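Visitor: I grabbed these lines from TrEMBL:
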- 203-375: domain 'Nephrocystin 3-like N-terminal' (DOMAIN)
- 484-581: domain 'GPI inositol-deacylase winged helix' (DOMAIN)
- 765-797: repeat 'ANK' (REPEAT)
- 798-824: repeat 'ANK' (REPEAT)
- 830-862: repeat 'ANK' (REPEAT)
- 894-922: repeat 'ANK' (REPEAT)
- 922-954: repeat 'ANK' (REPEAT)
- 1019-1047: repeat 'ANK' (REPEAT)
Amino acid sequence: MAELGTIVGVISLGIQVSEGLIKYYTSYKDRESETAHTVKRLSHLLGILEILRKNLDEREFDPDDDADKKLLGVMQRSISDCEDLIHELQEENAKFATSAREPGSNRVTSAVRATGRRLAYPFRQSTLQKLDEDIDEISASLTLALQVLQQQDLGSVQDDIRDTKALLELVRAGQISAELQTWLAAPDASINYNDACKKKHPGTGLWFIRSGAFTTWLRTANSFLWLNGFAGCGKSVLSSTIIQHTMRHRRSNPAVGIAFFYFTFNDDAKQDTSAMLRGLIAQLASQVGARGGNDQQTQDGTLSRLHQSYRGSRPTDHALLDSLHQLVQEFEDVYIVVDALDESPRHKHREEVLEALGEMRKWPGPELHLLVTSRDEQDIREGLGFLMGLDVGAATDERIVSLKNESIDGDIASFVSGHLKDNRRLRKWDKYRDEIEQALTKGAKGVFRWVECQFAALEACPGSKTRLDALLNSLPRNLDKTYERMLANIEEESAEEAKRILTLLCTAKRPLAVEELIDGIAVELGDNPRFNEDSRLMGEDDIRHICPGFIEVDANVDDNSGSEATVRIAHYSVQEYLESTRILASGSSMARYAVQREQANTEVAAICLAYLRNRELCDACLRQNLSAWKFARMYPLANYAATNWPEHYREGHGDDGGLHELALGLFHDDQLSLVSWANIFKWGGYKRDGLGDRILSPLYLAARLGLDQIVSVLAAELKSSSSSCPSRPLRNAFEQALIAAATHGHASTVHALIDHGADVDFQGFEGTALHLASRHGHLAATQALLDRGADIEAQDYRGKTALYDSAAWGKEEIVQFLLDRGAQHTPLGAYDTPLECAASSGRDKIVAMLLDHGADPNKGRYRIPLEAAREHVKVVQILLDRGADATRDGPVPPLHAALEAGTADVVALLLDHGANIKRVGGMPAALQRAITNNNQPVVEILLDRGAEVNVPGPTYTPAEAAMSRQSDGILKLLLDRGADPNAGVVTTPLEQAAANGDIDSVRVLLEHETNKADPNLGKQETPLEAAAVKRAAGIVTLLLEHGADPNLGLLRTPLEAFLDEGIEPRSVLQLLVDHGADIHRGKAEPPVDIARRKGFSLEKMEELKVEIRIKEGKGDGEEEEDEGIAFGDMKPSVMPWEITKRVLGFRSKDVGPLGDD
């Protein structure tokens, strides 16, 4: 077979060249830092080549087999893609060897040992970079060939590393500014994508990729798919396949956007609507920004507007949906994949997520293609069915794909076969591979996770046929039984540690680092809770040994981030089993491992508190010379414990006596623990007396965190100490605590503090407690304050009410609630109205609420609402629909406000509703203002609506305004619509363009098809005068060619004007003289005299000009040579213009803007 010989030959050459290059570079020990990355790439390439050759040597190909022929054909195409590059590497290798040998020497010597010598060719940065690029390209092609060979199924070619890299590069937020990235705090979905890809066996999911459902989803406008399946059936792995193939479908088309999100059961930051929307926005905004040009402006605009509206807080879900919709509209198609919707907690976040997906499905337009995966749970089926327009309980629909099918069984069979072949720990069973494969494939029943667990059992099983038979004959029938057996296999002496590990991992608010988990295990609870350093495990291997099969350790994805490996529950089904009633109802001893939420949170809170109260930790935290980094290495769990214990406390049994005493002790302990905890939590500035000028007293901190029982105890103690020591006043401690509780939304704490006598209307620095609760969107706390008598119209020191604050911060639910409770929408203080505020921030729903409750759409304290809404077309439309007057004058008329903002849609809306396109309220006419703002789309709208193109404003005509902004695009538009190119209030347009050195506008004015400017007409000076002063040779040339008189000037002749400013550049001077400028004629002083005063002779220029003309005389139809002139001795800038043109080889009409020559 000829193809096989060619393939083997190229691979052998590649091995030889790779070995030669590695040997060459590794021989230079003093250059390792420069060449390490190249050597690493070469080693990787060599490994691929050797595996390819080994596989080819071991396999027999049948020359008559069509499959083998096709296989070799595809391999040959992959190999031929890199054959030229391998030959290039061979040439480089030969060149390196030649250049590195000294004449007559057999040894390789360094070309760079002698100091001061330039770098030898093989070590140049450009050489190494080119090598790296070639090696990467070869590796990619060979990897594909290897996949084809190993898989023996051309249809299952998968996991092309270039696709994955391209996808991750596409969705990373690199095009968004660091400030916006930090503020948006979008979860990183690429971590989940990478995890899923690692689990993917070649060929997984291709049954779906080849299905009509996927093709329809890709190609049909506004498409939707729901993939559902039971626990462990490989939904997330299939999602990664879908994302990868959607990326291939995109084919580098920048008009197609891709975004994805993975809900994650063990990470609170990836469970709610906000997280999903922020993740999708970050990915799409980066893709818009990467397209460059005007799209970058759009990307900045979308996120920047959102940032401006919510700079001090997180955007509402409604605002995020609006921004996502704007970004989607920037593409022709956007593909969004949302995985594991069932991992969003059902009774906490899931309903809001379903509502958000429903809103996305309602968006008009064909752009959005949405795909969701989840378990088939009732609330999800009903929610997604509703947004698909299905009746509840509908059995079938082409947009619903069940993952319980024979194709999944095929994926599992392939997975089992591949794992048995590739896992070195299972090679002891090679003799019985077929038997094992058959048993596992049959028992899996569509559940990948079940198979993974059986592999773990096979690895641990002693290598005898009898033990293997026993294992295969007693395979658990489902995941529950599998997990029950795995728990039973935990060693008895490790049972308590295993229980602690499972409890911590199931309950933690985020993934725990290995070191954090180890310290959590080392905390001893009981009568005397404490952290025992001697109980620390040695490392992650010990954790795996204690809980085999239940956990996974994720290595740090980014080696430069400094973050450590994290531990997590291996699969969602594990946590679901441990938290279910099934494990309790089993009646087995395994029930001791059950994780019951309240008890688990109580335990984790106690672990955190005992850890924080450790005396050595407190001393280390307050030690002045100990860096934060060293402290974190000494006590890895400190940051998690300080940040999260209050939430675990609230979600656990807060009335548990032991936990309550532990928590209260943190606020006592001579306040040492409290101070160190506050420092770790980065509150800082805490004073040990707790009642000093700073508000961070124990009561304040407890109220801030909503710890009601502790608040009650501390409040009683505070009252008691105040009554026994009158010299120590409370200093508004209760009121400051009330504000803290309201700010963070703790309604029950608000009630407790008011019960203890806190003044509900106390004015803090940022207002009353009601201001803070409303501003931050805490409905329950807002209601609690009003129910306890808070003044709904109370103003802060700036005159703002709670209604104003909630409107300004976009808290729609609070605005509606306050309006329903009678809040006034008219201003009582010095600030503007809530309607003005909401309109200026673009909060259309709040604007509608205020109007529904009687707000006047034409009244404002400092500006009318239409003026305030200048940038927001949806708000403007609502105001106009509710009776706002587009013709009404405010301090700034609405039309002019929209012109200043440059929002073309708003301008068009206002004009549709009668806004005056001419002068209004003493302002410049609309057209002049739009031109001054250099906004061509708005100028076009105004011209289409009848704006008069030649009516001057107080200081300029429209054409003059265009010249002041140097906008040749707007100038051409004005000329096309009949603008007079010679009319001006202060200057003519051509005069202004020449003075600006704007050659493009000069060309537009002189060369317009129907509306040409007069090159000799000016108001303060002629255009040629202006160009001469500007020393713009290109403009001077254009004007002269279009008939400008070189001797015509208003104040001075052009030559006179030029010489008044100096004699350089000579090219402009020669241009004027060549075109007939009279050196003896001037308005104030003859040019020849001006030049003489400056040490230059115009007469000699004229003599040289005559000489050139003689030399350039023609005889017999041929040009004579210019023999008498030493061209090489003359600079073009001082040569006569005709000679300059001949030497430099261009015509005068080709001259560009050479103002500075």
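Yeah, the Cβs are placed from backbone N, Cα and C, and that goes for glycine too.
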Visitor: Six or more residues beyond either end and a Cβ under 8 Å away: which residues meet both conditions relative to the repeat 'ANK' (765-797)?
Guide: 313, 316, 735, 738-739, 741-748, 750-751, 754, 803, 805-806, 808-809, 811, 813-814, 817-818, 821-824, 828-829
Visitor: Using DSSP, what is the helix/strand/coil residue split across the repeat 'ANK' (830-862)?
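Guide: When I sort the residues of the repeat 'ANK' (830-862) into the three classes, I find 16 helix, 0 strand, 17 coil.
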Visitor: In this predicted model, what is the average pLDDT of the repeat 'ANK' (922-954)?
Guide: 80
Visitor: Under the DSSP assignment, what numbers of helix, strand and coil residues are found in the repeat 'ANK' (798-824)?
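Guide: Summed by class, the stretch gives 16 helix, 0 strand, 11 coil.
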